[in-house]
Amino acid sequence: MLPLDSDPIVAIATAPGRGGIGVVRISCGRVGETAALALMGALCGQALTPRHASYVPFVDAGGNVLDRGIALYFPAPHSYTGEYVVELQGHGGPVVLQLVLQRCLEAGQAFGLRLAEPGEFTRRAFLNDKLDLAQAEAVADLIEASTEAAARSAGRSLDGAFSRDIHALVDEVITLRMLVEATLDFPEEEIDFLEAADARGKLAHIRTRLDHILGEARQGALLREGLSVVLAGQPNVGKSSLLNALAGAELAIVTPIAGTTRDKVTQTIQIEGIPLHVIDTAGLRETEDEVERIGIARTWSEIERADVVLHLLDARSGVTDEDVVIDERFPSGIPVVRVLNKTDLTEVGASVNRQAVGGGETEVCEIRLSAKKSLGIDLLRAELLRIAGWQAGTESVYLARERHLIALRAAQDHVSLATDHAQERAQSLDLFAEELRLAQEALNSITGEFTSDDLLGVIFSRFCIGK
Ligand code: GDP
Ligand code: ZN
């Protein structure tokens, strides 16, 4: 949990390491202007003109120059956090930035200046109504975006596209609620109400709009989270070769997601901007070797966590008894694509083939390709997009999070229940009104109007320091 107070805070806002420019940012909290003036005096030797770039020396307590750079002063409320903010843009060396930071802490000690927690600047921006919650999340998502498409849609969310659509929807819900609640006070008119106010038509419109937003948000969530794809199969069928073929087909190999960097066999690649976290695994087979067994056990736990499993086989031998055993162990509910590799060594070319199994309940997709000769890789990529549910040509999505999808689905459920109540012969207006209220509550949680401190703590603690 982040502290809820409004101490003055300071942090190095630029990434660690060396760079052309390094920024130290101070937000003055409740001490406000007094703190800002004292800090500017101590570090820059002068009170800065608001919103003007001043080229000044940054000095230590003895008046020695630590660095020279641009200082900016943003009086409240016209700043990122909505508080009095001072920004020192010096040279981006880790040591010189530490010196400037220490100097700030020393000069601000008298009024309780402390280091900022991760995300604390943005949290204040949210608390001071500079950003709503969906926009604040977009700040972190923009910084962490692993593909260009993800960055573009985070930019749209930050700009407020998602929030505006949610607000417009909430407005429609509120209008309908007002009509209903007004009618509740005059029970004798209930019967005519739904007709007269075209409540059903209004509700249907809300439903359509909600479905549309959820569709876009789902695509956006895909851009943010990506898909984890596990390569499984017997040894030597070509799993590692397929990973290379998939990665090689994309010019841009994106940065690995946090936590996977130590794992040498995970690579994040992208297909049409969707990050695919591809995990190469130990070959599955019966073995007495203890080390190999550990690798195989790990493979199975990767498979259980996967979004998609690619079951690789050698096209020459086809499905062997061992593969049938592997097949049977795959957890139900995770799509499996059977990949017959090394088709270059057979008479049959690359192809994709779908078969219904289990009385048409599930579909097995079988792709013949050659990892080594890069034949049929495009078929596999298309299949992966299909499984992901990606709608080709979707450009303007907003970068949504799982949290948003859950809220949108909850709103959808309440709207659907409201529709039921409106259709019953004995219309139940108070139940109708209650479902609308709950739908609105779910939508409001996206932009953060009534959000618990716990949730805020979780969201902002995942930011980087200085943001
Ligand atoms: P893994 O153990 O499943 O990861 O298999 P590898 O990717 O290490 O490949 C095992 C062997 O099969 C290597 O010698 C590869 O060059 C070869 N191989 C992989 N894919 C193909 C393919 O599509 N065609 C041919 N001819 N050989 C392949
Ligand atoms: Zn391998």
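Just so you know, glycine gets a Cβ as well, placed from its N, Cα and C.
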Record-annotated (6S)-5-formyl-5,6,7,8-tetrahydrofolate site (TrEMBL): member among Arg25, Arg401, Arg403, Arg409 besides Glu87, Lys130, Lys467: Arg25
Inter-residue Cα distance where the pair is Glu87 ((6S)-5-formyl-5,6,7,8-tetrahydrofolate binding site) and Ala282 (GTP binding site), in Å: 51
Which of Arg25, Lys130, Lys239, Lys467, all binding-site residues, has a Cβ with the fewest other Cβ atoms inside 10 Å: Lys130
Whole-number Å value for how far Lys239 (GTP binding site) lies from Lys130 ((6S)-5-formyl-5,6,7,8-tetrahydrofolate binding site) (Cα to Cα): 49
Alpha-carbon distance [Glu87 ((6S)-5-formyl-5,6,7,8-tetrahydrofolate binding site); Asn236 (K(+) binding site)] in Å: 57
Shell of the (6S)-5-formyl-5,6,7,8-tetrahydrofolate site beyond Arg25, Glu87, Lys130, Lys467, same chain only (C-beta within 8 angstroms of their C-beta centre): Ala13, Ser27, Ser79, Tyr80, Thr81, Val85, Phe121, Thr122, Ala125, Gly466
Contacting binding-site residues for ligand 2, chosen from Arg25, Lys239, Ser240 when the Cβ sits under 6 angstroms of any of its atoms: Lys239, Ser240
Sequence-distant neighbours of Ser240 (Mg(2+) binding site) in its chain (C-beta under 8 A, six or more apart): Leu231, Asp280
